[in-house]
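Structure record follows, encoded as structure tokens.
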Amino acid sequence: MVSTMMNEQQQGGMTHGYNVEALKNKPKSKPGKATDTCLEVSDLQLWYGQDKVLKGVDMEIPRGRITAFIGPSGCGKSTLLRCFNRMNDLIDNCRIEGHIRIDGEDIYDRRVDIPELRRRVGMVFQKPNPFPKSIYENVAYGLRLQGVRNRRVLDEVVERSLKRAALWDEVKDRLHENALGLSGGQQQRLVIARAVAVEPEVLLLDEPASALDPLATLKIEELMFELKEEYTIAIVTHNMQQAARVSDYTAFMYLGELVEFNDTDTLFTTPAKKQTEDYITGRYG
């Protein structure tokens, strides 16, 4: 049993893979909050050329929760995440079969407005990618693309979005300075502010803290707890401590297959599959 192995491997609350205390101390979701399905994935298969990368993935991602995707490098985590807003469409020789539905709508239907889909499903990448513009213009960028020109509206949305991203107090007196002058952690929170400014339903975070120092990582994690009150969040992480700390649900992937998907506490303490147990206890990966 995993619990037995944890006792053997524990050193100051740590296992090879993650901190078991994180499960005890993690803020819990508010009771009574809806847990209906936001994203439904059915028999999803994906090829890059002749290379089959995703192999019949089936899952339902609950609304208003944080779902973490873990697994060794190359297992298909990020590829799956990019399917949720069709970023893989930009890759040559990519072919997809199966279905992904948001609120019952198949996002791979040919009638889907892809720019609108990417507004509804925002994405933040591993490396912060602010535009070489002012802090203000970074946040206002998506609104301007939508045709918003009213300065009062822009001001309100910029302030609200920066507050949501826990960045307002740090930048409110320098909004017209170049965003590239911010620290790495501030840049990543700015990118999150830019994403939430257009009022998405889902936020996809692909290793959002892997390039940041521990303090900046903590701020990103605290921000995720706050944002899940308004958005459904899916995060890819190689850091199992982070998955245990921040997520409500965890999906373990291996070689393009979804091996196990369960609430985080259960998956990390009593996994149903031996592959999952081996991975979270450091036997491979």
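Every residue gets a Cβ built from N, Cα and C, even glycine.
Annotated domain 'ABC transporter' per Swiss-Prot: 39-280, in sequence order, evidence recorded as sequence analysis. Here Swiss-Prot flags GLY71, PRO72, SER73, GLY74, CYS75, GLY76, LYS77, SER78 as ATP binding site, drawing on sequence analysis.
Cβ proximity to the ATP site centre (mean Cβ of GLY71, PRO72, SER73, GLY74, CYS75, GLY76, LYS77, SER78, cutoff 8 Å) flags the following additional same-chain residues: THR79, MET253, TYR254.
Mapped onto three states, the DSSP output places SER73 (ATP binding site) in coil.
Neighbour density for GLY76 (ATP binding site): within 10 A of its CB lie 23 other CB atoms from the protein chains shown. Around LYS77 (ATP binding site), the same-chain residues at least 6 positions away in sequence with a Cβ under 8 Å from its Cβ are PHE69, ILE70, GLY71, VAL236, MET253.
The binding-site residues listed here are SER73, SER78; among them, SER78 has the most other Cβ atoms within 10 Å of its own Cβ.
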